[in-house]
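J.: Have a look at this one.
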Amino acid sequence: MVFLSSVETDQRKMSAGNHSSVTEFILAGLSEQPELQLRLFLLFLGIYVVTVVGNLSMITLIGLSSHLHTPMYYFLSGLSFIDLCHSTIITPKMLVNFVTEKNIISYPECMTQLYFFLIFAIAECHMLAVTAYDRYVAICSPLLYNVIMSYHHCFWLTVGVYVLGILGSTIHTGFMLRLFLCKTNVINHYFCDLFPLLGLSCSSTYINELLVLVLSAFNILTPALTILASYIFIIASILRIRSTEGRSKAFSTCSSHILAVAVFFGSAAFMYLQPSSVSSMDQRKVSSVFYTTIVPMLNPQSIA
């Protein structure tokens, strides 16, 4: 009878693939050293304030200035909105955790944070590619710019960016909800992300890890290659500019954008384009700071 009861219990656990024995998690945060918490709080509070002010200013300025109602600034305002949302999903909770003893997040709140984080992270990848393509058309095909980048095309490009974000996030979160999380309730991260949550699973994570690698390859490498190709053509066009002043101005504008893009895709690739066993979670936490907080702060200054 005891054996049968044990078997029935195991079967119920296996069939409850979309449930977790954990009702709340403890976020380990960036550092466990108490003396660093206040310094980290002040640092990331400053970064978040700059991010919010910079991106809101960009959106407001573009919205109120009729002469900025062009495809380029339309995409820049869209990118600022994504950056604002991307940072807001992560940073406020992280700031609270710096000044509280127990960094608790409920299971539903954790899954919600994961879902919206993935939407805007994936959307940012593709929006950066769209802005690079827009610059390529403007510089390399200026006579066809108004035809290629019509408002109709701009609208559908933006829709495509969000569709890819929602689709990718729904797939990842849906498969995450199927896992039985029971090893521990401590997430070794400062927010609910894919690999830290997979590490808590008592059931097989093979499909989840395969999906992370496949979808990350598409959502990171495809936009990155699009941006790389766009800037190769842009730089080739810049080199044909006879004016030294015009060439240096164009290079300075592009270099700041390339730097922000390189930091974003480089840190994202380090986090998601390798198996979880390759690098430590502490290394991944440091890497994730760049694409969750640093790049959203830099984008308004580097891309405009």
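Here the Cβ of each residue, glycine as well, is placed from N, Cα and C on the backbone.
Pasting the feature list from Swiss-Prot:
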TOPO_DOM  1-41  topological domain 'Extracellular'
CARBOHYD  Asn18  N-linked glycosylation site
TRANSMEM  42-62  transmembrane segment
TOPO_DOM  63-69  topological domain 'Cytoplasmic'
TRANSMEM  70-90  transmembrane segment
TOPO_DOM  91-110  topological domain 'Extracellular'
DISULFID  Cys110-Cys192  disulfide bond
TRANSMEM  111-130  transmembrane segment
TOPO_DOM  131-154  topological domain 'Cytoplasmic'
TRANSMEM  155-175  transmembrane segment
TOPO_DOM  176-193  topological domain 'Extracellular'
TRANSMEM  194-214  transmembrane segment
TRANSMEM  218-238  transmembrane segment
TOPO_DOM  239-257  topological domain 'Extracellular'
TRANSMEM  258-278  transmembrane segment
TOPO_DOM  279-304  topological domain 'Cytoplasmic'
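Help me picture where these features are in the structure shown.
T.: The topological domain 'Cytoplasmic' (63-69): residue composition by secondary structure is 5 helix, 0 strand, 2 coil, according to DSSP.
For the topological domain 'Extracellular' (91-110), the model's average pLDDT works out to 90.
Sequence-distant neighbours of Cys192 (disulfide bond) (same chain, six or more apart, CB under 8 Å from its CB) are Phe25, Leu27, Ile105, Cys110, Met111, Gln113, Leu114, Phe117, listed in sequence order. In this structure, Cys192 (disulfide bond) belongs to neither helix nor strand by DSSP; it is coil.
For the topological domain 'Cytoplasmic' (131-154), the residues of the chain that approach it from at least six positions outside its boundaries are 71-72, 74-76, 79, 226-227, 230-231, 233-234, 237-238, 254, 257, 261, 303, judged by C-beta separation under 8 angstroms.
The list of residues near the topological domain 'Extracellular' (176-193) in space but at least 6 beyond its ends in sequence, with Cβ under 8 angstroms from a Cβ of it, reads 13-14, 16-22, 24-30, 89-90, 93-94, 97, 105, 110-111, 113-114, 117, 199-203, 205, 208, 271, 281, 284-285, 288, 292.
Counting same-chain residues at least six beyond the ends of the transmembrane segment (258-278), those with a Cβ under 8 angstroms from any Cβ of the stretch are 121, 124-125, 128, 132, 193-195, 198-199, 209, 212-213, 216-217, 220-221, 223-224, 227, 231, 284, 287-291, 294-295, 298-299, 302-303.
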J.: With a cut-off of 8 Å between Cβ atoms, can you find at least three pairs linking the transmembrane segment (70-90) to the transmembrane segment (194-214)? Only pairs 6 or more residues apart in sequence count.
T.: no
J.: May I have the DSSP-based helix, strand and coil counts for the residues of the topological domain 'Cytoplasmic' (131-154)?
T.: 21 helix, 0 strand, 3 coil
J.: Can you count the other CB atoms that lie within 10 A of the CB of Cys110 (disulfide bond)?
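T.: Looking across every protein chain shown, the total is 22.
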J.: Residue list, the topological domain 'Cytoplasmic' (63-69) vs rest of chain: Cβ under 8 Å, 6 or more residues beyond ends.
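T.: Sequence-distant neighbours of the topological domain 'Cytoplasmic' (63-69): 77.
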J.: Using DSSP, how many residues of the topological domain 'Extracellular' (91-110) fall into helix, strand and coil, respectively?
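T.: Per DSSP, the residues of the topological domain 'Extracellular' (91-110) fall into 12 helix, 3 strand, 5 coil.
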